[in-house]
Amino acid sequence: MPMTDAFQVRVPRVSSSTAGDIAASSITTRGALPRPGGMPVSMSRGTSPEVALIGVYEISKILTAPRRLEVTLANVVNVLSSMLQMRHGMICILDSEGDPDMVATTGWTPEMAGQIRAHVPQKAIDQIVATQMPLVVQDVTADPLFAGHEDLFGPPEEATVSFIGVPIKADHHVMGTLSIDRIWDGTARFRFDEDVRFLTMVANLVGQTVRLHKLVASDRDRLIAQTHRLEKALREEKSGAEPEVAEAANGSAMGIVGDSPLVKRLIATAQVVARSNSTVLLRGESGTGKELFARAIHELSPRKGKPFVKVNCAALPESVLESELFGHEKGAFTGALNMRQGRFELAHGGTLFLDEIGEITPAFQAKLLRVLQEGEFERVGGNRTLKVDVRLVCATNKNLEEAVSKGEFRADLYYRIHVVPLILPPLRERPGDIPKLAKNFLDRFNKENKLHMMLSAPAIDVLRRCYFPGNVRELENCIRRTATLAHDAVITPHDFACDSGQCLSAMLWKGSAPKPVMPHVPPAPTPLTPLSPAPLATAAPAAASPAPAADSLPVTCPGTEACPAVPPRQSEKEQLLQAMERSGWVQAKAARLLNLTPRQVGYALRKYDIDIKRF
């Protein structure tokens, strides 16, 4: 093996006894190494194949043990010090810039070992890294690579200090160096070639271990950083979402005003329904906020941020509705000058809200059914089939069950859209929300008109007692009309139209109760009077009837008796029919509404010869 050119440099020497003390301070075994069976192995000046094999075996056990890399490397150099006739040993792992990142040593005093990182022979290490070849220096005191590092190797004991360094490589990349130094007296007892081969084998094992440790450390750092990022994002999302969730729980985030139990349950159901892509059917009287709930479901769903497209099916004739929903090709009909996308295409990836779906004709129902079943359609005048991904929300105030029984509405379409029905209660069933709604509408009016009007407590009481057959929409109109015509900034009962006999509800429903339009949400405000047990001719005892809530006391609007807060009392048969329709023709549910037993309801059905509707 070629040696480096050297030149003599005089350095201070100390006694042999001192050098021996320094070397012995970190060498645990000198002269013999235990065999696996317990017998010692005699050490020679060179590294024999037997000793090398045992050394590789011992070092491989250290390298595969689950310890920190610093501890592992320190154990390796300690084993080397027990096997080789060496004074000092060093494993230096480099960082990406080529500077010492981790140094494990043996043979130095604790004081010197603590400063070794700042005194490593950097020039020698750089040459090993640059050439990727072992470096053997017979006399470090005479080699310029070690100039300035004489103190690092200690007193030479009247002999020459030699240096052997090999690169630590993995995947053809130098990751550091493994080096030792020893006393060389110039005789043939020292076989540098054998030591270089042995140290190269050890360095290769160390290189693989360092590479694995760095990969694990890199993955760990990446996972820790990713965890920190996710935790930070979660904290930010949680801090930003907590008010949003709280608002959604009471409906304010969705624009829904009301904190009655009915509204809270409906909002909670809407939040659950919004998570899926199931079709939703919103049912309720006109003015109960079906479009508001449809938009809320869209905003709470994963499709938030995608299009929300709405179509009023009752406002368009069939020919126009088909073109509106499916689009048309250029020249499909007179006036079709350009191709036009339909609402289904515009809502791709989002939500399509079909209001008043109960008003479409049976012929168009078949076309709509195909889109709901297959998710595909053709534009008017076209022959290319288009596929869309749309979440459908429908709404109606029509009795679809009755329409199905009369053949006015297809049963297959009914079952297709009646996947998740949400029944919106009329305003008269939640009078406790009226004050909050009224204040909300008045605040909007004030903001639009830059006013500061208020509702007096007696005025709120008047609103709570009114019937509002037009529900929330009528309440909003009432507030706007009253605020517009009020003479003062504070609205009083005398400012309402019913005080002067101009109540729209009284004019609309004068002398008769409104005709039920929904099987589940009747417009009549009168709570059902419990039917009497058989025979039904006698009234039920007063104790059997639940006391009406204060919110639903039968009072009339002030100033006129024509405003029917309570429409005329229904007959027992009408009450029974209404309860059955509200309960979906389930006798047990109807019995609970009437405060009767299912057996009594069954008797009443037979008495009045009422057939059970089945769908």
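Just so you know, glycine gets a Cβ as well, placed from its N, Cα and C.
Which of 100-142, 186-228, 573-615 counts as region 'C-terminal DNA-binding domain' depends on Swiss-Prot, and there it is 573-615. In the three-state DSSP assignment, the secondary structure recorded for Leu354 (ATP binding site) is strand. Cys503 (divalent metal cation binding site) has Gly287 as its nearest neighbour among the binding-site residues Gly284, Gly287, Lys290, His348, Leu354, going by CA to CA distance. Comparing Cβ neighbour counts within 10 Å across the binding-site residues Gly284, Gly287, the minimum falls on Gly287.
Annotation note: Cys503 (divalent metal cation binding site) sits in a coil segment as assigned by DSSP. Under DSSP, the residues of the domain 'GAF' (68-210) split into helix, strand and coil as follows: 63 helix, 40 strand, 40 coil.
The binding-site residues considered are Lys290, His348; of these, His348 has the fewest other C-beta atoms within 10 angstroms of its C-beta.
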